[in-house]
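Visitor: Dropping a structure here in structure tokens format, bear with me for questions.
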């Protein structure tokens, strides 16, 4: 018999059941309902619904209705509530609604069997030997007393990895979990996190946090649902069921129908561990959903199981604060984005999901189940934890989840509590950053001063050269005017100081010391320059001096420089200037 796809909804007076049976014979179907029971049969489908979790009952009073959509193949049955206006809780928990009726019998579960009914081969008349072999007392380790450690949902599993050694290394971090005591397991867990922590990676994300800020701005689906719930509560001022805010897709409904409903016998300690591990798994899921912005990838399964010590170390917990510390350490050690703000944001997201009720929690757990189911080694974690959570959470009261959210809200987590010396790392990095900024500022100031001084020096040199060239130009122009206006005065001045100046000008121009040498030789013989040469020579001499003056004016060098060059050239050529 096949279980058809079905869906439930309600209004104040009626419960509506929609059953999809596309290949059923419409002419042959049976519907039965009474109290909290509902049965539907249409070959080859069979559906038995026992609404054990609902606080109300269904009654047959003649107002029930039924219809069939031949195009869609859907039966729609509207059944009246026994108490109009009563709200039926848990209509979207399809797995729990498929539970069979519990057997009601007065027969005792343990019976005493008469001795005559015991088979002969079971009766043992051999005398019991009270003598036992005695051995000296030896201390036995905890692992020997408990040869197999327990793990999984409610610590109900053991010995699983003895036959799955090949898949073990790809799924969990703990080695040999079947024979590792809890104390040793915790020590190895903490040591692995310390060895994995990378200060450089953490500081890189701390200072370059553009990607982190973008992740923090993302709003997952539960943010909108939580806002609607808060607005609804502010208007009505009543705590109503929030199941209507969270809906399941057809794929998720199919997942729920595939689960086998069962009961879990958990003691108080095991039940507490189940709630604590649920927080741990939800924290990892919230981080993964936020950093991928809801778009799952090939690393999603790795991120969830790596950030949850429950899944990768089979960790057990004693309080909520311990869970937060462990999650914070793993966020800063393993994934791509390692920032303390992501730890705080994941905690806030988990609180919102718990406050939305078990429908929101179930939706998250179903998503984790799908991610692990599509990942080859991670499917083992579905068998150990997630599948059981998908069934168990449907029977949990939302008030307990709200109390768990309040306990998580009261936890305050600081960087110092993580034990990774984050504050010291940040302070040292900020100090180094300030020193580098100061050095850069000092280098930039010195560079600017050097540029300013060099520019000022070049400007002063340019102005000096301009002034000196202007003076030389004016002097040369005045000399040329004098030569042109009074040639006789020029000839007479050749016998005096102008002779030395003309000699210097000839040397500066790069000419030879011919005229100067002649004048010096004549001066040494005691003959005046005017009488040693005929008057007819004065004409060509003036023309030659004029040409030399023009050449000197074109050079345009300062007087001081000309004088220095003049003396250097005289020393090199062996010429001496007359006193």
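Glycine residues also receive a Cβ, built from the backbone N, Cα and C atoms like all the rest.
Curation plays no part in TrEMBL annotations; they are all automatic predictions.
Below, the features straight out of TrEMBL:
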COILED    408-442  coiled coil
COMPBIAS  551-568  compositional bias 'Polar residues'
COMPBIAS  569-579  compositional bias 'Basic and acidic residues'
DOMAIN    1-92  domain 'CS'
REGION    450-496  region 'Disordered'
REGION    551-579  region 'Disordered'
Visitor: For the domain 'CS' (1-92), what does DSSP give as the number of helix, strand and coil residues?
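Guide: Helix/strand/coil tally for the domain 'CS' (1-92): 0 helix, 46 strand, 46 coil.
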Visitor: Below 8 angstroms Cβ to Cβ, which residues of this chain, lying six or more residues outside the coiled coil (408-442), approach it?
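Guide: For the coiled coil (408-442), the list is 194, 197, 199, 202-203, 206-207, 279, 320-321, 324-325, 328-329, 332, 340, 343-344, 347, 350-351, 354.
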Visitor: Can you give me the average pLDDT across the coiled coil (408-442), rounded to a whole number?
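Guide: The average pLDDT of the model in the coiled coil (408-442) works out to 90.
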